[in-house]
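Asks: Found this in Swiss-Prot, in case it helps:
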type	residues	note
ACT_SITE	72	active site, proton acceptor
COILED	106-130	coiled coil
ACT_SITE	141	active site, for ring-opening step
ACT_SITE	143	active site, proton acceptor
ACT_SITE	148	active site, for ring-opening step
MOD_RES	161	phosphothreonine
């Protein structure tokens, strides 16, 4: 497990974007060899997406041979609703890059048979060869995707009832009106994300500091689903200084002492431009 600590949100976002960029380019994707990327929504990854868009517009990165699988989607919210994750991904990322829309997979929260939709999503991931890099974020209660506290740590893509903490947190996106906030969602399982060859989890802000503490300094616990990734062979937690406030001083000191190693993963930043 790696813990990468940057001074602030912008630097953490940039480090994460550089890492994704380098992993895609090192993979050398092509017509018969797609890089498969798992993606989150929410406020945390926005800075990372902006940097990836910048790399694309500069000609350094192409998503032509990338397939994406999103973590989750609300149930019952129209696809074109401004707060649907289809809208989020299109407006904040997909419409700014060269990905084929057929290669951008998002769960359909309006499917007639929701369980069949979940099963089909798992099948699509398998047919794509599995996820090369799954990027995630967490909530203050340590949930990843919509795997709320108490979720099975071997769970697969399924229908979930949202915890009240999550509904309250999401109310800001629905004019503060709890009655408008979806109470159910389709989500990949903890096991689905654990199956990825590599996982990178973005954690920023003091309000997520206790969750980061639970994620890496205490044992694996289904009440803090993000803690499951202690047992993944290739997990990177990328955080800002504020998110480390609940960690032991020696933990922070240890991982900061490794930053010269971690920075070699993103420096130099590779490019798809000819000659780079």
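Any Cβ shown, glycine's included, is placed from N, Cα and C.
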Asks: Any residues 6+ beyond the ends of the coiled coil (106-130) with a Cβ under 8 Å from its own?
Replies: 34, 36, 67, 69-70, 72-79, 84-86, 89, 156-159, 182, 185-188, 192, 195-197
Asks: Which residues of the same chain, at least 6 positions away in sequence, have a Cβ lying under 8 Å from the Cβ of residue 141 (active site, for ring-opening step)?
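Replies: Expected: 148, 149, 163, 165, 166, 211, 224.
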Asks: DSSP secondary structure for residue 161 (phosphothreonine), reduced to helix/strand/coil, please.
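Replies: Once the DSSP labels are grouped into three classes, residue 161 (phosphothreonine) ends up as strand.
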Asks: Give me the mean pLDDT over the coiled coil (106-130), rounded to a whole number.
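Replies: When the pLDDT values over the coiled coil (106-130) are averaged, the result is 98.
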Asks: Including all protein chains displayed, how many Cβ atoms other than that of residue 143 (active site, proton acceptor) lie within 10 Å of its Cβ?
Replies: 26
Asks: In Å, rounded, how far does the Cα of residue 161 (phosphothreonine) sit from the Cα of residue 72 (active site, proton acceptor)?
Replies: 12
Asks: Could you measure between residue 72 (active site, proton acceptor) and residue 143 (active site, proton acceptor) for me? Cα positions, answer in whole angstrom.
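Replies: Their Cα atoms are separated by 12 Å.
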Asks: Please report the three-state DSSP label of residue 141 (active site, for ring-opening step).
Replies: coil
